[in-house]
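Visitor: Input: one structure, supplied below.
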Amino acid sequence: MDKLLERFLNYVSLDTQSKAGVRQVPSTEGQWKLLHLLKEQLEEMGLINVTLSEKGTLMATLPANVPGDIPAIGFISHVDTSPDCSGKNVNPQIVENYRGGDIALGVGDEVLSPVMFPVLHQLLGQTLITTDGKTLLGADDKAGIAEIMTALAVLQQKNIPHGDIRVAFTPDEEVGKGAKHFDVDAFDARWAYTVDGGGVGELEFENFNAASVNIKIVGNNVHPGTAKGVMVNALSLAARIHAEVPADESPEMTEGYEGFYHLASMKGTVERADMHYIIRDFDRKQFEARKRKMMEIAKKVGKGLHPDCYIELVIEDSYYNMREKVAEHPHILDIAQQAMRDCGIEPQLKPIRGGTDGAQLSFMGLPCPNLFTGGYNYHGKHEFVTLEGMEKAVRVIVRIAELTAKQN
């Protein structure tokens, strides 16, 4: 464990923020820098079959150290950080033996407060790694990377019995592209775990069904003084569309297994307006109903418009709930839960109100639930991780490898 913190601080020093709307994968040069660093480290550790694809997927194998027909299992994390907040010049603060109260983030007015983030009350006495209030931290998912790399070192150094262990580090997870170029056949694992979760004990095998909705509204602009019966205000149509979307089914009004409609962006003029929604729901039927609802709203608002004015709606599915795939292989969850209990951790099975690479991989033939990293408040300047949580994640990864070998 001695190098766990060192690894993490090294990885977050690299700016690997991904970028939406870019065709190339990885979408940013910084991701390549981390991928090449990890490739070098994996080779130095003596792993075999170390490959880095042209689309930025890094794979490697820690060979089995015991005989027998032991299934190969995998551990996966992503190298990019969220586009929602800067990942440049990350300056972590290490708060040892947290005693409660507000933590000043850097020299400004930003604080990490238990009033806003009550989970801090549960972390007294632990070592917290925070931001300086200017960037995100990058624990999502560089904590996962550091934990996988450290677990590999522990398996080697302590000669713990294990089968073949596959590891992979992917790009552009935050913009939904990483898993699309993942070669499941080349990875050659029976199942895998993404290490991309949150607080200690979290084990996730349910995620949202997800879709994006892009709405293009074309109006007609004339001088306001002579506009009666002629002007068609695209912004007014956009407002009418949003007024039809259920207000109590938005992200800020929902939790747990509740789905939502989220207006992520809206821009425009009288002549032209564009709206971007995301739709999320755990239930597949409700997910389809939400998509139909958006189509009905667009049709209703667009009824009777002049032929040169129109509303165009495009819906694209992003990913689906992996529960239906992971549930076919209950032993994957059983092993993870047993590993946590063996490490003194009570498993917390909870839904992911989001998505992971594992969701897409599960539908590509690689069942892939999600393990905790020990991090909190991802995608923003209040992000932090506990060193103790990271250490527990390492122990769980090692124990999963050990249990898989023992059960076969």
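Glycine residues also receive a Cβ, built from the backbone N, Cα and C atoms like all the rest.
Pasting the relevant annotations from Swiss-Prot:
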- HIS78, ASP140, ASP196: Zn(2+) 1 binding site (BINDING)
- ASP80: active site (ACT_SITE)
- ASP140, GLU174, HIS379: Zn(2+) 2 binding site (BINDING)
- GLU173: active site, proton acceptor (ACT_SITE)
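Give me the lay of the land around each of these features.
Guide: Note on HIS78 (Zn(2+) 1 binding site): other Cβ atoms within 10 Å of its Cβ, all shown chains, come to 27.
Note: ASP80 (active site) has non-local neighbours THR16, GLN17, SER18, PRO26, SER27, THR28, GLN31, PRO171, ASP172, GLU173, GLU174, VAL175, GLY178, i.e. same-chain residues 6+ apart with C-beta under 8 A of its own C-beta.
Under the three-state DSSP scheme, GLU174 (Zn(2+) 2 binding site) falls in the helix class.
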Visitor: List the residues in the vicinity of the Zn(2+) 2 site, defined as same-chain residues other than ASP140, GLU174, HIS379 with C-beta within 8 angstroms of the site's C-beta centre.
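Guide: Apart from the listed residues, the neighbours are THR81, SER82, ASP84, LEU136, ASP141, TYR378.
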Visitor: Between ASP196 (Zn(2+) 1 binding site) and HIS379 (Zn(2+) 2 binding site), how far is it from one CA atom to the other, in Å?
Guide: 13
